[in-house]
There are 2 protein chains.
Amino acid sequence: MAYLNENYLNVKESYLFSEIAKRVSSFTEANPDKKVIRMGIGDVTLPLEPLVIEALHRAVDEMGNAATFRGYGPEQGYAFLREAIQQYYSRGGVSLDMDEIFVSDGAKSDLGNITDLFSIENVALIPDPVYPVYVDTNIMSGRKIVYMNANAENGFLPMPDDRVHGDMIYLCSPNNPTGAVYNKQQLKAWVDYANAHEAIILFDAAYESFIGDDSLPRSIFQIEGAKTCAIEFCSLSKTAGFTGTRCGYTVVPKQLKKKTCDGKELYMNKMWNRRQTTKFNGVPYIIQKGAAAVFSVEGMKQAHEMIAYYKQNAKIIADALSEKGIKFFGGVHSPYIWMECPKGMLSWDFFDYLLSKAAVVGTPGAGFGVNGEGFFRLTSFGNRENTMEAMERIKKLL
Amino acid sequence: MAYLNENYLNVKESYLFSEIAKRVSSFTEANPDKKVIRMGIGDVTLPLEPLVIEALHRAVDEMGNAATFRGYGPEQGYAFLREAIQQYYSRGGVSLDMDEIFVSDGAKSDLGNITDLFSIENVALIPDPVYPVYVDTNIMSGRKIVYMNANAENGFLPMPDDRVHGDMIYLCSPNNPTGAVYNKQQLKAWVDYANAHEAIILFDAAYESFIGDDSLPRSIFQIEGAKTCAIEFCSLSKTAGFTGTRCGYTVVPKQLKKKTCDGKELYMNKMWNRRQTTKFNGVPYIIQKGAAAVFSVEGMKQAHEMIAYYKQNAKIIADALSEKGIKFFGGVHSPYIWMECPKGMLSWDFFDYLLSKAAVVGTPGAGFGVNGEGFFRLTSFGNRENTMEAMERIKKLL
């Protein structure tokens, strides 16, 4: 008799975005004449940059010609893309071996699949509020989760606490949903903590390209000691609008080694390589060619134009909130604005208020965890006109 | 302290294709003038069909335009592709709901990731010889494996045996590496066995499009009772040359339910949906557009022209072996020819003999399991001229 994984009984249904969709749809039915502006979901709206489009077309042509056709590629990614990523890190002062870089179909997949490499005995230390994938994937494999409080007092940047035990530490900076960014001293404290406790930091850097201040770390590997305690997950989703094009990369340092419960040592780079070659067949050649274009000098320039556009939206949101004296986090080195709900409203109440009175949709903070209550996430990924109109409506309302 | 998954200590290094590469490279260094013909790896060589190329170009253009740009898509695949797959099944007499179909980046990923849904208490029942992924992914999660003998006596098609207990039953038909194909009566026996024992059949149908006889099952869901005991894994890799383009699909029937160890019932379709929405972000929009083109009437016609080309290669191989009186399996409804090594040679000895005397590369059967010893796999995925020349050389040699 085949038995199923009982941990799936403990995974909660993900109601957040379906509940939002339901309430928005009731509103539009009742108010067909109102123009609803959506600032809830973290999905990009600008098209792929011209250089990527050109590279994709060229790669499609190659696939249609026997002489240039590509069959199975290396599961870890083609050398041309891994080299381009290696050079990108190098420009940021981080030296990586090419085989420390694994190309993937996105950070979400790798953040989920990395749990394969760990014993179920570990405790996952996860901030609250949080991107739900860290929580759900650990519940699915039956691991204990300990939450760390991220709140207004610590600027939504929880720091290590020797009284709290964690083996797999999830950090996301710039943070989703709060937009908060760790500085180098703060990340160094985490790296030191992880090394001292032989813990692993799973560092989600999906929003690194929004950092506009060179003194802030874009990669955990800019911190001394990180190569013995950290794995980094990156993505082109927000850097170059690849949410529907799907390409990311994960860095697993070769010196990163840990023990099994019975004391045998394993290198995590080798384990991840074995996992990926066994359970993954690599990213489409066409998509890898598009991704490589992003990392060229001109490609990165075009990507930064898109990022600047979204950051200008973020500034419009931030300025409007400042004007109304509303406290918020993020919005500078991040596409997310994490605002306090006005007048002490609960986050779902503010959601309903904003939707009914201003026809603007955001994400209630409570959907990201207990500490999200009383907060509200707005995203800057919309178009300029809608963003401006939404903020005018909000200013008038509040 | 973070502990690692100790099961990775038990995963053997995959030496087969690296050992082949090493021996071929020594040979070519010593014999730079000899033209080596490779019939070892199961990778396609014909370019993507024209209709797919057109669809890919159109989709790339859509991604470069704000009005038609696509961000995050449904993790399960776009409706246009799931509907096309639904209609493909319907033409084969199998009725599926659209949400029983999950689009993925390939059968290998899904065959690996599906193990997430099962308790580690299950026994995996796996044929020998076999595609190594079934074995390695179960070792990685710590499951017990029981092998079933596939051999010349049973035509490399092992049948259920009440004395052998298995909970997760791996079947691949047309088979890799042997090319053997189950008929409907045989598959019905497996379905009845699985239903009687509440086991699950994980059915790898990656080579279904090579079946040229309508009386043979292309899908396990052509067999009565399969929807309560089977999950099917398919791929466009061999159907339409997508090995480097990456698109597959998995069918999880909605009525398929099993219990956890403590007796709670779960529906596997719902579990897989939760797994995929949590750990996967879907296949690139561009690639899904290319895949949908394959399922159109004209697209399937173009795909079948490719398949016919490879099958003609298979016939050339089969005819040459027949002429020499060498016994083989497969090669009719499969791109693989599974030949007995002549004169009772061991499979690596025959590999060396064929390489040194004829400069032809195949895959030693021993690399696929104990029962592969004494056999040798040739693939028909090369080009016509090379296939003909290789067989002339082999005929002359033997």
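Glycine residues also receive a Cβ, built from the backbone N, Cα and C atoms like all the rest.
In the record from TrEMBL, residues A:ALA107, A:LYS108, A:TYR131, A:ASN176, A:TYR207, A:SER235, A:LEU236, A:SER237, A:ARG246, A:ASN281 bind pyridoxal 5'-phosphate; the candidate from A:TYR72, A:TYR78, A:TYR353 listed for the same site is A:TYR72. A:SER237 (pyridoxal 5'-phosphate binding site) has a Cβ environment of 25 other Cβ atoms inside 10 Å. DSSP assigns A:SER235 (pyridoxal 5'-phosphate binding site) to a strand in the three-state reduction. Shown in sequence order, A:ASN281, A:GLY282 are the residues of the chain, 6+ apart in sequence, with a C-beta less than 8 angstroms from the C-beta of A:TYR72 (pyridoxal 5'-phosphate binding site). Site extent for pyridoxal 5'-phosphate: the farthest pair of Cα atoms among A:TYR72, A:ALA107, A:LYS108, A:TYR131, A:ASN176, A:TYR207, A:SER235, A:LEU236, A:SER237, A:ARG246, A:ASN281 sits 35 Å apart. When the Cα positions of A:TYR15, A:GLY42, A:LYS108, A:TYR131, A:ASN176, A:ASN281, A:ARG377 are compared pair by pair, the longest gap among these substrate-binding residues is 36 Å.
Contact with chain B, taken as any Cβ pair under 8 Å, is found for the binding-site residues A:TYR72, A:LYS108, A:ASN281 out of A:TYR72, A:LYS108, A:ASN176, A:SER235, A:ASN281, A:ARG377. Sequence-distant contacts (6 or more apart, same chain, Cβ under 8 Å) of A:TYR131 (substrate binding site) comprise A:CYS172, A:ASN176, A:PRO177, A:ASP204, A:PHE368.
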